[in-house]
Ligand code: ADP
Ligand code: TYD
């Protein structure tokens, strides 16, 4: 990590957003990106699965269609393949140009979804990550929120990509607890944000916490 992220000639800062479905990750990642650009800082907004042309193709494979289309293991390989392409083609080059990279989900989503909810594959997730990815974000904003409210928000937003979206509140509860445990596992990079508040308040806190860690 470098305090000079966003300035040419230095390595940029890699920031990810994580949380249960509907917690407001995409909204907050976009708002942070817009805010930074308005201040003249160099920042790239991206997402997983996806973020590069090849990874977006894998995204369509993995998020659309029958929920039983892939086993949890195959899914993990697909997410990892997408992540590798994204890292090679977009994330590493942008960081090398000194840009801040703001990523809506990254490897922690595999730790949670493939590692905890879709299969009990955490050891395999970690082994593959070490072998094929290696990189972790410098900072991860975990948007923590009430699982029932998150589910209601996610359901109100209908999309074609619904393979993962309808797992019920019990699973959302488990995922929330899993994410909070992950934040304790990686305390140096996780910042937990209370997402049960109006968007403006959440955005202001994220901006302030980023500034503490990475002054302009
Ligand atoms: P995620 O990317 O975590 O699934 P989104 O950012 O797509 O979540 O938000 C899910 C839905 O909830 C969207 O319709 C969005 O407009 C809405 N939303 C996001 N943040 C808030 C908030 N703080 N309060 C109320 N609604 C919100
Ligand atoms: P997305 O449209 O990004 O959902 P959301 O708006 O809720 O973030 O869909 C991504 C889905 O893919 C989401 O349900 C989580 C899942 N996912 C995994 O299972 N493993 C992963 O490694 C990633 C990046 C996402």
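Yeah, the Cβs are placed from backbone N, Cα and C, and that goes for glycine too.
Among the features that TrEMBL reports, ATP binding site is placed at 19, 20, 21, 22, 23, 24, 25, 26. Taken from TrEMBL, the feature domain 'Thymidylate kinase-like' applies to 17-206.
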Query: Which of these binding-site residues (20, 23, 26) have a C-beta closer than 6 Å to some atom of ligand 1?
result: 23, 26
- line: Distance filter, Cβ under 6 Å of ligand 2; input binding-site residues 19, 20, 21, 26; output 21, 26
- line: For the binding-site residues listed (19, 22, 24), most other Cβ atoms within 10 Å of the Cβ sits at 19
- prompt: So around the ATP site, 19, 20, 21, 22, 23, 24, 25, 26 aside, which residues have their CB within 8 A of the centroid of those CB atoms?
  reply: 143, 145, 150, 153, 154, 195
Query: Given the binding-site residues 23, 26, and counting only Cβ atoms in the protein chains shown, which has the most within 10 Å of its Cβ?
result: 23
Task: Count the Cβ atoms, other than its own, that fall within 10 Å of the Cβ of residue 21 (ATP binding site), considering every protein chain shown.
output: 20
Field: Secondary-structure category, per DSSP, in which residue 22 (ATP binding site) falls
entry: coil
